Amino acid sequence: MKFAVIQFPGSNCDLDMLHAIRDSIGEEAEYVWHAETSLAGFDAVLLPGGFSYGDYLRTGAIAKFSSIMPEVLRFAEMGKPVLGVCNGFQILTEIGLLPGALIRNNNLHFICKTVPLRVANASTMFTELYEEGEIIQVPVAHGEGNYYCDDETLLKLKENNQIVFTYDSVNPNGSRADIAGIVNERGNVLGMMPHPERAVEEIIGGTDGLRLFESVVKAWKEEQVNA
């Protein structure tokens, strides 16, 4: 399986993503610069964390207009897996692949720590190797991670089982309904503020993020068999 790691000016978690795919799960991964216009040959897209375009105007607002974005939209429409982490999640909301928005943390400070997450939906292509309700430990590092949506959108997310991860015990940023990660209605686009790519080795704090990437590979291989 081959992953595309999209690089924007200001990305800083792209190397972590590449390491997680190549070294931790042994799959192929390549950088794709934001000015490219093709994702031919790739099976999954990863939008990494960081500060794309310096977070000017608004987080993800300028990245929305990158040349690669129409191809990311087309990729998602084909049902292929797209994962946006932290700034990547912010970009996914900006381009309309996911509902809602990420706003300033309610304490107005940058937060960098490991937090407990509850797996709220273990039936997606990103979470099938987790147990429903399982508590995992994954780092967060953001200043605008406070997920917001209106009441109608929140109700729809709940009814469609689109809330994949929630903060457990402590909500670090004020997100509505403790939301840490959501999928689109089709289930092939996941946006999350915590960084699973930083939780793939015991030596740096744990491996609870590893199964997310392994789940994607498992789902992809099953699809190839059934194709």
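Cβ coordinates come from backbone N, Cα and C, glycine included.
Listed features, source Swiss-Prot:
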- 2-226: domain 'Glutamine amidotransferase type-1' (DOMAIN)
- C86: active site, nucleophile (ACT_SITE)
- H195: active site (ACT_SITE)
- E197: active site (ACT_SITE)
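What Swiss-Prot annotates, mapped onto the structure for a quick look.
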| residue | record | Cβ neighbours (10 Å) |
| --- | --- | --- |
| C86 | active site, nucleophile | 29 |
| H195 | active site | 23 |
| E197 | active site | 29 |
Task: Cα separation, C86 (active site, nucleophile) to H195 (active site) (Å, whole number) - done: 7
TODO: Grab the pLDDT values for the domain 'Glutamine amidotransferase type-1' (2-226) and give me their mean, rounded.
DONE: 95
Open item on the list: To the nearest Å, how far is the Cα of C86 (active site, nucleophile) from the Cα of E197 (active site)?
Closed with: 11
